[in-house]
Amino acid sequence: MGIEKRKKMVWFWPEKHEGGVIKEAEDVAAEHISREGTMSHYSFSKGLLPPLGVGATARSSRHIKLRCFIVSPFDPRYRAWDWFLVILVLYTAWASPFEFGFLQTPRAPLSILDNVVNGFFAVDIVLTFFVAFLDKATYLLVDDPKRIAWRYTSTWLIFDVVSTVPYELFGSLLHNTIQGYGIFSMLRLWRLHRVSKCFARLEKDRKYNYFWIRCTKLLLVSLFVVHCGACFCYSIAAHYPDPSMTFMALAEANWKQKSLLIRYVTAMYWSITTFSTTGYGDIHGNNAEERAFILFYMIFNLGLLAYIIGNMTNLVVHVTSRTRNFRDTIQAASAFAQRNNLPLGLQEQMVAHLSLRYRTDSEGLQQQEIIDSLPKAIRSSISHYLFYEVVDKTYLFHGISNDLLFQLVSEMKAEYFPPKEDVILRNEAPSDFYIMVTGAVDIIARVNGVDQVVGEAQTGHVFGEVGVLCYRPQLFTVRTKRLSQLLRLNRTAFLNLVQANVGDGAIIMNNLLQHLKDSTDPVMKGILAETELMLAQGKMDLPLSLCFAAARGDDLLLHQLLKRGSNPNETDKNGRTALHIAASKGSQYCVVLLLEHGADPNIRDSEGSVPLWEAIIGRHEENAKLLSENGATLSFDTVGYFSCLAVGQNNLNALKDIVKYGGDISLSDVNGTTALHRAVSEGNLEIVQFLLEKGADMDKPDVYGWTARALAEHQGHEDIKALFYNQRPVERKTILVSGTPEIKPLMKHSSEPVMTHHHSREAMPPLARAVSQRRKLSNFKNSLFGIMSAAKTGDEGGASTRTGISEGVGGVYPARVTISGEASSSGKVVKLPDSLEELIEIGEKKLGFVATKILSREGAEIDDIRIIRDGDFLLLLKVS
């Protein structure tokens, strides 16, 4: 709050720096130009606009950051002072003519009020010397005190001083024959220029109705003229030697004996009847002075009345012009239809459309001209707010990027259609397609020469898209059933956007083809066949990618695109190339075409997968063989990961293919996990046996020191343990090799189905960075390696997870053990503490005695808390 207040003070009362030089503050100046003063965030009827150009704005910043004690004319406090003076001017506008005509000498309370008002204007004279002014040549605020003083002194200072000096200061010096009081009162009318400026600002202020501002201004001008006419004419009568030869005597012979109020009302009556030219009760001049004044008064009235009538006529015509134009348009359309003998239904459509357009414009529903005049960013924001949700649910745009969807919404035009109006005609050129926002339309086909309704489109449906995307005449006539709001998208604008988003264009085309396939209409089936033929021949206007052709298995289209110079290694938004897709789909001809045109057989996608692995996991042996013959390999840094994936899917054939194509399945991934580790975790004896036959090492530890043999013992896989023993009969204990960390207890943490965690980003293959959800393994997250992989995540995060068991994402359970005082007792489940001393204290609280020994279920003594695992049974004994 303090900062904001200080910013405002910088704008209005800026600080002065060394030598009187103002510090340059371009950012602050620009901010204050747009937000401070009396300028709101959305109104620029008041305030100072910056000049064009960045350099010009910088050069003018010193004029925006005003000097010390110089007030901006746009300061809201100064504007409030100005409004206060306008109210005082309204009083002056009445009092000055009244004192001139009806008073000869000062009389309370008017004289007191006059002096109070004069005091305020005297303060304003002093204040004006400290108010910056706008240079009309450069439109910059001038804050030099000398220039401000010179400008004011050489222009309006003398008038302001004369109109402010009280009459009492020098009235006694004037001769008795001079009506000094009234003359000096009239000098105060100089202040009326403030009212004119006030109304000029109000007319530009959108918060106030322009019609009523103009009417108020004209009314005040009329009242002021009538008031002045009455006062001037009465002054002539009051100073005429013979009171009986004046216009006042026509109504009352002894009019000078009447009260001041009666005389003022009488004079106002004659003045206003003369001003309004009613023809009865006009001021009748009985002497030469009155006749001369009335002559000029009535001539002036003629001009003023012409001005008032012209203004009022213009205001009324402006209000009714829209209705008049509507009626003229309806009349012209009806005359045209009748003159050319148009069908009655077509005439009704014309009139209904024009009537609806008038309603939408008059009710503010569709101000297209105003919207088109706005900047593109504002237009886009309006369209996004109103229509994004509807367009997002349209089948044609399912799966496209948010960027393209936003751009499409920005290009759409909202239109209203009355009931029974044709939106699209059969066989017309496909220039636009439409999305339903509200309402409903009938889709009409011509069957045996008769129009029949074959379908209906409602909110969120699209029509006309087949003609636009396939570039063929529209198939159906679309006619509204009731008042409907539609979004129209021009074909040219649509194609221009899709050209810059080739991948999204393929998605849109797939959505259309799937829609045609799902349709039961025979006509749509025929269109599907024609469209697919056009795709194969490359005759579609939509930009199609190699990935689109590969996904469809369309080798003809793929060949056409490659002949046109498409990059065989181009990728989609997931980093997958056409070769990845063709290999996974089993499209052998597509694979051949891509390899012939130079596609890289070892290119990786964003997940690190290569085409050969896609062919292997998809069981496309011919593609795998073809890729291998053309140089495709499973690289050393990823083969261990692929092997683990195959084991996780219990896919023995994939492991065999890895071996077949030169992969070493005994290698480990970045966590040191081998395929044998994974096979033991899955409990798959067949795969374990196969891996052992291919040279897998059962005693090779991972980064935690766990070997496959130790895992089999821990998980209780008796058949696997027997296989290991028969393969290599050694003592069943975990072997720590040099350089490996000490074995950590098992910890259960949430994990992705694949082991993607790593020590360093450089050491990790791309495939381990992001694993596709389509390859999730159902069993791994509950396996030992799933637990350990998640534990690795915890260690890398810097927090100790030795006793942590995660649940889902972010939830951590502590490791738990069962303690008992007797071997046969069921015991109590407690949280595993960090030391044996704490465990003994817990035993004292739970069991009621202080234990001196801690034994395992098998009777072995435990002397280190680190060898206790989650779920162990502990026997606490007190030995004397």
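Any Cβ shown, glycine's included, is placed from N, Cα and C.
Computed from a predicted structure; not experimentally measured.
The annotation domain 'KHA' is assigned in Swiss-Prot to 809-880.
For 541-570, the entry in Swiss-Prot reads repeat 'ANK 1'. Residue counts for the repeat 'ANK 1' (541-570) under DSSP, split into helix (H, G, I), strand (E, B) and coil, are 16 helix, 0 strand, 14 coil.
Residues 545-547, 549-551, 553-555, 558-559, 562, 568, 609-612, 614-615, 617-618, 620, 622-624, 626-627, 630-633, 635 of the same chain sit 6 or more residues outside the repeat 'ANK 2' (574-603) yet have a Cβ under 8 Å from a Cβ within it. As annotated by Swiss-Prot, repeat 'ANK 2' applies to 574-603.
The repeat 'ANK 3' annotation in Swiss-Prot covers 607-636.
Using DSSP to sort the residues of the repeat 'ANK 4' (637-667) gives these counts of helix, strand and coil: 21 helix, 0 strand, 10 coil. The feature repeat 'ANK 4' is assigned by Swiss-Prot to 637-667.
Confidence in the repeat 'ANK 5' (671-700), given as mean pLDDT, stands at 84. For 671-700, the entry in Swiss-Prot reads repeat 'ANK 5'.
What Swiss-Prot records for 1-82 (among others) is topological domain 'Cytoplasmic'.
Residues or ranges marked as topological domain 'Extracellular' in Swiss-Prot: 104-111 (among others).
The feature topological domain 'Cytoplasmic' is assigned by Swiss-Prot to 133-153 (among others).
The topological domain 'Extracellular' annotation in Swiss-Prot covers 175-182 (among others).
Per Swiss-Prot, topological domain 'Cytoplasmic' is recorded for 204-217 (among others).
Residues 98, 102, 230, 233, 283-287, 289-290 of the same chain lie 6+ residues outside the topological domain 'Extracellular' (239-265) yet bring a C-beta within less than 8 angstroms of a C-beta in it. Annotated topological domain 'Extracellular' per Swiss-Prot: 239-265 (among others), in sequence order, evidence recorded as sequence analysis.
Taken from Swiss-Prot, the feature topological domain 'Extracellular' applies to 286-291 (among others), supported by sequence analysis. Secondary structure of the topological domain 'Extracellular' (286-291), assigned with DSSP and counted as helix (H, G, I), strand (E, B) and coil, comes to 4 helix, 0 strand, 2 coil.
Marked as topological domain 'Cytoplasmic' by Swiss-Prot: 313-880 (among others).
Annotation source Swiss-Prot lists transmembrane segment at 83-103 (among others), citing sequence analysis.
Annotated transmembrane segment per Swiss-Prot: 112-132 (among others), in sequence order, evidence recorded as sequence analysis.
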Self-check item: Stretch of maximal Cβ-Cβ contact with the transmembrane segment (218-238) [cut-off: under 8 Å; candidates 83-103, 112-132, 183-203, 292-312]
Solution: 83-103
Quiz item: Taking the transmembrane segment (83-103) as the reference, which of 112-132, 183-203, 292-312 gives the largest number of Cβ pairs under 8 angstroms?
Solution: 183-203
Quiz prompt | Structural state census, the topological domain 'Cytoplasmic' (133-153) (DSSP three-state) | solution = 9 helix, 4 strand, 8 coil
Quiz item: Near the transmembrane segment (183-203), which residues from the same chain, at least 6 beyond its ends, have a CB less than 8 A from one of its CBs?
Solution: 45-46, 82-83, 85-86, 88-90, 92-93, 95-97, 99-100, 114, 121, 159-160, 162-165, 167, 171, 210, 213-214, 217, 220
Quiz item: Looking only at the repeat 'ANK 2' (574-603), what are its DSSP counts of helix, strand and coil residues?
Solution: 17 helix, 1 strand, 12 coil
